[in-house]
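Structure record follows, encoded as structure tokens.
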Amino acid sequence: MDATQVSELRGFIDECKSNPRILHHPSLLFFKSYLQSLGAQLPPEVKSETGGEAEMSSTREDSDSSKPSENDDDIVESDVELDNADVMEPDNDPPQKMGNPAVEVTEENQDAAQVEKAKAVEALSEGRFSEAIDHLTDAVMLNPTSAILYATRGSVYLKMKKPNAAIRDASAAMEINPDSAKAYKVRGMAKAMLGQWEEAANDLHVASKLDFDEEIGSILKKVEPNVHKIREHHKKYERLRKERHLRNAEREKKRQVEALVTFVFASIRTGQVMGIHSTGELDTKLNAASRASRLAVLYFTATWCGPCRVISPLFTSLAEKYPKVAFLKADIDEARDVAGRWNISSVPTFFFIRKGKEIDQVVGADKNGLERKLQQHAAA
């Protein structure tokens with residue numbers, strides 16, 4: 001927290017001390033709850049007999065009406081136009097038989113498995129896919145430690161348009177041999193058949209690095225354009241979500257600032273002279289008056305100043321007479337930083353301020369001049 005924020009916070013706390021009723025405003029519920037959680041005792045809420053409660057309600061309604069609808073920033077993702085011409089419905093057959101790769105395989109079983117694999121290759125060459133699956137299943141059960149048997153059976157499932165079965169076999173092969181190029185190729189092709197483009201691309205790129213062939217390159221030419229579209233789509237909506245987050249954060253920051261200004265200005269409209277003890281407190285109140293398009297009168301005084309004691313009662317009565325003007329009072333010995341900023345060389349001095357800028361001043365205990373200029377600028 002920088003020095004300016006600390007100064008503003010000090011100003012807000014000073015305002016709470018001088019006008020505790022602002023703590024009961026609904027928009028400060030979070031702060032009120034925090035104070036109570038620490039064991040703080042707050043003054044009872046008192047409804048104003050002069051319309052203060054109505055003013056607070058009006059402020060609340062204005063705040064609610066200016067609050068953006070939650071639907072204003074709803075992000076509804078559009079569909080991505082992909083080439084899904086060859087995408088198929090997933091196969092939902094019961095899972096195929098899997099061997100136990102932890103068992104010890106004898107040489108006899110290995111030889112028998114190779115015989116079954118040879119029969120499968122022969123059946124496959126003649127287009128008898130189901131028979132090839134049966135022979136490969138027998139081979140897998142005989143030698144469940146062979147990654148190539150699982151990958152080969154998976155490739156047959158691809159030809160039978162059963163991508164889920166192919167994925168199961170390819171994944172089993174990878175558990176046995178994480179560097180099985182054929183297993184990555186089979187699984188990548190199967191995922192492409194299901195339209196799982198990003199996963200397909202990942203597997204096919206691994207297969208390509210392990211053992212590139214033309215078929216992998218051909219499939220990637222179809223997969224990669226879809227992957228590019230999907231990733232660009234994700235980037236677009238991630239950017240939109242970040243922008244929405246920044247907008248909401250900015251709105252929340254603005255809401256908190258405006259809430260603080262509203263609470264401070266609620267005390268400005270009470271027709272009372274408000275003491276200024278720091279530049280942060282002054283900035284907060286001038287900001288509140290500026291946002292409400294109100295005139296502010298800043299009065300510099302000192303306890304040892306005789307003319308100040310003469311004109312102070314008039315300043316107090318003018319505050320009651322002009323309730324829509326912010327009357328601010330700073331003791332130059334107490335608020336030295338404020339006096340220094342305004343280059344005070346004598347007291348009493350009165351500055352007329354609108355929208356944060358000085359528009360006029362009165363130096364000395366000139367009662368007629370003070371009231372005349374106040375009447376002039378308050379009516380502007």
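Heads up, the Cβ atoms here are built off N, Cα and C, so glycines get one too.
Curation plays no part in TrEMBL annotations; they are all automatic predictions.
On a predicted model such as this, the values are computed, not experimentally measured, just so you know.
Residues or ranges marked as compositional bias 'Basic and acidic residues' by TrEMBL: 58-70.
Residues or ranges marked as domain 'Thioredoxin' in TrEMBL: 254-379. Computed over the domain 'Thioredoxin' (254-379), the whole-number mean pLDDT of the model equals 89.
The feature region 'Disordered' is assigned by TrEMBL to 42-76.
What TrEMBL lists as repeat 'TPR' is 147-180.
Here the repeat 'TPR' (147-180) has Cβ contacts under 8 Å with residues 88, 90-93, 95-96, 98, 101, 113, 117, 120, 124, 129-130, 132-133, 136-137, 139-140, 186-187, 189-191, 193-194, 210 of the same chain, all six or more residues outside its ends. With DSSP classes pooled into helix, strand and coil, the tally for the repeat 'TPR' (147-180) is 27 helix, 0 strand, 7 coil.
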